[in-house]
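Annotated features in Swiss-Prot:
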BINDING   Gly10, Ala11, Gly12, Lys13, Gly14, Thr15, Arg127, Val136, Tyr137, Lys199  ATP binding site
REGION    30-59  region 'NMP'
BINDING   Thr31, Arg36, Glu57, Leu58, Val59, Gly85, Phe86, Pro87, Arg88, Gln92, Arg160, Arg171  AMP binding site
REGION    126-163  region 'LID'
BINDING   Cys130, Cys133, Cys150, Cys153  Zn(2+) binding site
Amino acid sequence: MNLIFLGPPGAGKGTQAKRVSEKYGIPQISTGDMLREAVAKGTELGKKAKEYMDKGELVPDEVVIGIVKERLQQPDCEKGFILDGFPRTLAQAEALDEMLKELNKKIDAVINVVVPEEEVVKRITYRRTCRNCGAVYHLIYAPPKEDNKCDKCGGELYQRDDDKEETVRERYRVYKQNTEPLIDYYRKKGILYDVDGTKDIEGVWKEIEAILEKIKS
């Protein structure tokens, strides 16, 4: 079973992809991890990627696709894989299809975790992180016992720049702009499944599980 997970920042797609990975025994592959691994191993493509990353630039699609291809040829991907955070653009989706064709594979389902902008803003802007130990809290869903104080180490809690409202709205806008064409692309192929990401973790999982069981049978 070869899957792609789409969803805006804060949609909880990483959490769900991890559960799918555990239940079905297929690896969850995040582009970030893959790039870091290739750089650490010093592969040809890893060296190329490092040049761009060191300059703070985006790694070009052909390098990313090459790294994805190397990863998908590893033995743990034989039964399937979950791509998390890739593809991000239509060009990447088309390049991915071409590359999968060469490997005699195809995508079976694209799970699109749908969460409206205001919900994303609420989820992310209420996050607080401990300056000392890095523990993460949520002022609504998982608040600290004492205001502004970490339960674990007593450190001060703060809001990361990434979690500030204008940053979150900008990330959401960029996500929508890049992903809308992707969603159309996979919908036309008949493999896109929308999941209501506003439900609790268990509710979202039940929806995803039902889709995957249907695909498997």
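Heads up, the Cβ atoms here are built off N, Cα and C, so glycines get one too.
Keep in mind that this is a model prediction, so the values were computed, not measured.
Across the region 'NMP' (30-59), mean pLDDT in this model comes to 89. Residues of the same chain lying 6 or more positions beyond the ends of the region 'NMP' (30-59) and with a Cβ under 8 Å from any Cβ of it are 14, 66-68, 70-71, 83-86. Comment: AMP site residues Thr31, Arg36, Glu57, Leu58, Val59, Gly85, Phe86, Pro87, Arg88, Gln92, Arg160, Arg171; largest CA to CA distance 30 Å, whole number. Residues of the region 'NMP' (30-59) grouped by DSSP class, helix first, strand second and coil last, total 22 helix, 1 strand, 7 coil. Cα of Arg127 (ATP binding site) to Cα of Phe86 (AMP binding site): a distance of 25 Å. Annotated pair Cys130 (Zn(2+) binding site) and Tyr137 (ATP binding site), C-alpha to C-alpha distance, rounded: 8 Å.
Of the recorded residues, Glu57 (AMP binding site) and Gly10 (ATP binding site) place their C-alpha atoms 24 Å from one another.
Those residues of the chain, other than Cys130, Cys133, Cys150, Cys153, with a C-beta within 8 angstroms of the mean position of the Zn(2+) site C-beta atoms are Arg131, Asn132, Gly134, Ala135, Asp151, Lys152, Gly154, Gly155. Summarising the environment of Gly12 (ATP binding site), the number of other Cβ atoms within 10 Å of its Cβ, over all protein chains shown, is 17. Annotation note: Gly10 (ATP binding site) sits in a coil segment as assigned by DSSP.
DSSP classifies Arg127 (ATP binding site) as strand under the three-state reduction.
The binding-site residues Gly10, Gly14 differ in how many other CB atoms lie within 10 Å of their CB, and the one with the most is Gly10. Each residue contributes its Cα atom, and for Arg88 (AMP binding site) and Cys133 (Zn(2+) binding site) those atoms are 32 Å apart. The CA atom of Arg160 (AMP binding site) is located 18 Å away from the CA atom of Gly12 (ATP binding site).
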